[in-house]
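**Student:** Here's the feature list from TrEMBL:
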- 108, 110, 115, 156: Mn(2+) binding site (BINDING)
- 110, 115: oxalate binding site (BINDING)
- 32-47: disulfide bond (DISULFID)
- 61-208: domain 'Cupin type-1' (DOMAIN)
- 1-22: signal peptide (SIGNAL)
């Protein structure tokens, strides 16, 4: 009886060890350069043949150019994704952000990433808000050369309340961090006006008028 029990325990341990060995969250090779031409569907992007990899797969040019990238006319910022194929599967992404005087990168969050940003030029009011029920603001006016970190999933913002353009370089801890612009998600998604009125402690007419600005 005892020997049978020992054999059962040994079998369970061996089975668990086998499953453990089969799962490795770390990269299994030096790099996995993204093959954007592949039609294979995986959790990420398939790897190029290492024999075809070149130094350019780890290179990006143009971060020094202010105003390059996607422009948000609603809020007054420009975002330039720093696309480096060699970072595929390594849990990292980068972006340059330019913010005009008086403009904002409005309250938003990244569901899958923390963020660390360094100010390249100008000055911005930058910070985040802790989760409910504290809802505490952690923010500072950042100058050129300053660095600020935002924990994963927390609401954060930046505001150029100065008279000169500001620029930042942000590093995020996910290849696909996600971006949820809070006001756009709430007022531009088609949520019922009466629901938004109750959520923001206002009347339905006000909620509708605000929503119209996002649906225009």
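Backbone N, Cα and C define each Cβ position, glycine as well.
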**Student:** Look at each of the disulfide-bonded residues, 32, 47, and point out the one with the fewest other Cβ atoms around it within 10 Å.
**Tutor:** 47
**Student:** Near residue 156 (Mn(2+) binding site), how many other Cβ atoms are within 10 Å of its Cβ?
**Tutor:** 23
**Student:** Around residue 108 (Mn(2+) binding site), how many other C-beta atoms are within 10 angstroms of its C-beta?
**Tutor:** 17
**Student:** Quick one: pull the CA-CA distance for residue 110 (Mn(2+) binding site) versus residue 47 (disulfide bond), whole Å only.
**Tutor:** 25
**Student:** How big is the Cα-to-Cα gap, in Å, between residue 156 (Mn(2+) binding site) and residue 32 (disulfide bond)?
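**Tutor:** Per the Cα atoms, residue 156 (Mn(2+) binding site) and residue 32 (disulfide bond) stand 31 Å apart.
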**Student:** Between residue 108 (Mn(2+) binding site) and residue 32 (disulfide bond), how far is it from one CA atom to the other, in Å?
**Tutor:** 30
**Student:** Could you put numbers on the helix, strand and coil content of the domain 'Cupin type-1' (61-208), residue by residue per DSSP?
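**Tutor:** So the domain 'Cupin type-1' (61-208) is made up of 21 helix, 59 strand, 68 coil.
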**Student:** Give me the Cα-Cα distance between residue 47 (disulfide bond) and residue 115 (Mn(2+) binding site), rounded to a whole Å.
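**Tutor:** Residue 115 (Mn(2+) binding site) has its Cα 26 Å from the Cα of residue 47 (disulfide bond).
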**Student:** Rounded to the nearest angstrom, how far is the Cα of residue 32 (disulfide bond) from the Cα of residue 115 (Mn(2+) binding site)?
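**Tutor:** Spelling it out, the Cα of residue 115 (Mn(2+) binding site) and the Cα of residue 32 (disulfide bond) are 23 Å apart.
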